[in-house]
Ligand SMILES: NC(=O)c1ccc[n+]([C@@H]2O[C@H](COP(=O)([O-])OP(=O)(O)OC[C@H]3O[C@@H](n4cnc5c(N)ncnc54)[C@H](O)[C@@H]3O)[C@@H](O)[C@H]2O)c1
Ligand SMILES: O=c1ccn([C@@H]2O[C@H](COP(=O)(O)OP(=O)(O)O[C@H]3O[C@H](CO)[C@@H](O)[C@H](O)[C@H]3O)[C@@H](O)[C@H]2O)c(=O)[nH]1
C-alpha cells in the first residue's frame, strides 16, 4: 500500500526522490519555497536538467500520485512521513550550513497534525538528526509523536533517475525500530539492498563515502602529475591498478580536479567535523588542498607553453562541473576563467546545457557564445573543461580550421593521443605525454 509522503526541497535530490517514490506507488507532495520552480513542476516540467526525469514526472502527475506546493501546511496534511531534502551548503569557514534544515524542522513541527517520521536525505554532519528531533519536538504545535531517520542519498547528477532505481544500497539509520521498519517498507519496491544501522553511523556513511571517492580521485590526480613529469601514461597506470579487485577501476579518471555540489563541500565539512571533536583529518585536508591546485593545472600548462597570456583569446569548451548536468557549482571552469582573466586573457565560453546557469557562477568578463565552433573561431588556445559527448565527437579538423593556432589543453583526457597524432593539433592532457609539442604551433 502506498504511503502518504511529503518531500521538502525539490532540488536534484528532493525532486528525484519525490518522483521515484511516486513511481513505486506512494502518494507524494513535494514542497518548495521557490514559487517559480513549483509553478513549472505543476506543469510537469522539471526545473533541473536530469535525463529521463520529465518523463516519469509527467506519468506520476497524470496518475494523481505526485503534487507540488509552496505551502507547508497543505503539503504536510495527512502525511506520515516527511523527507528533508534541502541544501546544506558550505559556510565561509568550511562547515555545513544547517540554516535550511533548521527552517524545515520548524516548518514540520508547526504544521503536522499527526504522528510523523522525519527522514533526512540531505547530507548532514553526524549528530544533526538528533538536533532535528530536538528542534521538531520543541516546536510542535500538536501533541504528536516524532521519529527521525537518516537516509542519505547517493545519486549522481546526470544519472540521478537511473541511480534512484539502480543504486548500490539504501542506508537507513533510525531513532526507533518502528521508524526503521517503516522506511524499509517504503523502499522495498525499489528492490535494492537495504543497510540498517544507527542514526549517527548512517550520517557518517555518507560523508565517509564521498570523502573516500574524492580521495581516490585526488590520488590518481597526484599520480597523473607524477606521470607527467616522468613520461609515463596515467591511463595505462590506472587501468593496471584498477584490475586489482581490491582497488577497483572506477573513480580513477584523472583530470583538472573534482567539482560539483557535493565532493568539495562534503570533504571540507568532514575535516571541520573532525576539528570540532579535536581530531586532525590530515589525509582529507591534503585531498582538499590538492584539488584546489589541480583545478589550475591546465592554465599553468598554458602559461608554460604560450608564455604570457595577456591579450590571448582562450576558448573554454564546457562549463558545467561534469557532463550531462547544468550544475555549475564548484566547476573547475570558474577557477580556470578567473585565473585566465587575471592573467589578461580574453575568455570565451560555451556549454551544451549550462549556458543559462553559467553567468551566475562564473567571474565577470567571460564572453558566452552559442556553439563550440564560435568559441574556437580565432582562438589562440582552447581548454577542454567538461568532457561532453559533443566535444568527444569533434573532429580534429575543427580545431585546425577554426583556431588562430590549433593548441588544445584537455583537462579531461577526452581524446585518444593516437587520434590527435594524425592531426596538426598541439595537444596537452593530464598525465600523458603531449602530442605534436615538437611542432610548436605559432601563437600570435
Ligand atoms: N545534488 C546531488 O547530487 C546530491 C546527491 C546526494 C546528496 N545531496 C545532498 O542533498 C541535499 C540537497 O541537495 P540538492 O543539490 O538537491 O539541493 P538544491 O540546492 O538543488 O535544492 C534545494 C531546494 O530546497 C528548497 N528549499 C530551501 N529551503 C526550503 C524550505 N524551508 N522549504 C521548502 N523548500 C526549501 C530550495 O528552494 C531548493 O529548491 C544537500 O544536503 C546535498 O549535499 C545532493
Ligand atoms: O574518476 C573520476 C570520477 C569523477 N571525477 C570528478 O568528480 C566530480 C564528481 O563526479 P560524480 O561523482 O560523478 O558526480 P556527483 O553528481 O557530484 O556525485 C557525487 O556526489 C553526490 C553528492 O553527495 C553523491 O551522491 C554521489 O554518490 C557522488 O558520486 C566531477 O567533477 C567529476 O568530473 C573525476 O575527476 N574522476
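Even glycines carry a Cβ here, placed using N, Cα and C.
With 32, 37, 88, 157, 265, 329 listed by TrEMBL as binding NAD(+), the candidate from 117, 120, 123 annotated for that site turns out to be 123. Matching 113, 188, 206, 292 to the substrate binding residues that TrEMBL gives (154, 155, 156, 157, 251, 252, 253, 254, 255, 259, 322) identifies 206. Proximity to residue 259 (substrate binding site), defined by a C-alpha to C-alpha distance within 10 angstroms, is shown by the following binding-site residues from 32, 37, 88, 329: 329. In this structure the C-alpha atoms belonging to residue 252 (substrate binding site) and residue 262 (active site, nucleophile) are separated by 18 Å. For residue 254 (substrate binding site), the nearest neighbour among the listed binding-site residues (32, 88, 157), judged by C-alpha distance, is 157. Ranking the binding-site residues 254, 259 by how many other Cβ atoms lie within 10 angstroms of each Cβ puts 259 at the bottom. In the three-state DSSP scheme, residue 32 (NAD(+) binding site) falls into the coil class. Within 10 Å of the Cβ of residue 262 (active site, nucleophile) there are 26 other Cβ atoms, across all protein chains. Between the C-alpha atoms of residue 88 (NAD(+) binding site) and residue 206 (substrate binding site), the distance comes to 13 Å.
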